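A.B. asks: Have a look at this one before I ask anything.
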């Protein structure tokens, strides 16, 4: 799975390299939207100072949000289940309320014109659906790859119980069970706990990828904002946005039981993406036109894909397993408090959409 994680990181780093080039290309398409010229030097300095405040505020909120569930909670407690439900609600609202409407607005903008497929075709839904299906396939094939690798390793030196002693078989085909003869030759099935833990790791890494793609986009949006009146409410809204998103991701990271080194990589990976987006936005703010066709298509497609990933993972990998596991099903108290936590998480994250 180290290879899988490296692939995700490489894909995201490539995304960070390509995004500024696409943003710069968007500056050449000014047929829809105007330039930002005309601001005084004092006004530009004030805007820049607010962006610097936003950089550190959002960075700090992201670190605090993702660290709290990892280092401040015990994963075996009932309270942790309530935290997971709250986190699932946050991620679900992020997909449905924050990202999907932004993608729809970008991909249905009049600036794209009426030529197919930008006219009446629901491009946002298609991209989100495709991302959801791709996420499911990645989960499935990654889990299958892990299982097959473990089977090969287990089959080479598998202990066999024969009633009088233990012997070892050199290949997978020799492992089977003869219940009628009163002895068993072991099982090649990967232990359920190992399979579950690895699946949680896969889910967490894909979930983080969906979150950080959106985080970079909202960072760029703040970085290119030309006025203090626009930036002020965005600072507070995006700060809380990153705090809650970090809380949601941190709960998944904690449950997946990564090694300490990988936890810190994922923590930094999430915490730095929105600030990096702000830096990119500041760097191109003089030439960037957010209403150009290129900018609208890039942000629209990326947001739609991120929405599809987060909605699928929130419902399939977070909400359903949480509410259907034995511990929740056997306790009315846990069911009620998990339900309330889910609603509160989704509600608070939805409320932030009023400002961001």
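Note that Cβ sites are derived from N, Cα and C of the backbone, with glycine treated the same way.
What TrEMBL says about a protein is an automatic prediction, not a curated fact.
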A.B. asks: Identify the region 'Disordered' range according to TrEMBL, selecting from 55-88, 89-122, 123-156, 157-190.
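C.D. replies: Result: 157-190 is the stretch TrEMBL calls region 'Disordered'.
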A.B. asks: Do any residues, 6 or more residues outside the transmembrane segment (79-101), come within under 8 Å Cβ-to-Cβ of it, and if so which ones?
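C.D. replies: Here the qualifying positions are 69, 73, 124, 128, 207, 211, 214, 241, 244-245, 247-252, 254-255, 303-304, 306-311, 313-315, 318-319, 322, 327-328, 334, 337-339, 341-350, 352-353, 356.
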A.B. asks: Under an 8 Å Cβ to Cβ limit, what residues of the same chain, 6 or more beyond the ends of the transmembrane segment (304-324), are close to it?
C.D. replies: 81, 84-85, 87-88, 91-92, 94-96, 99-100, 103-104, 107, 123-124, 127-132, 135-136, 139, 203, 206-207, 209-211, 213-214, 217, 252, 335, 338-339, 342
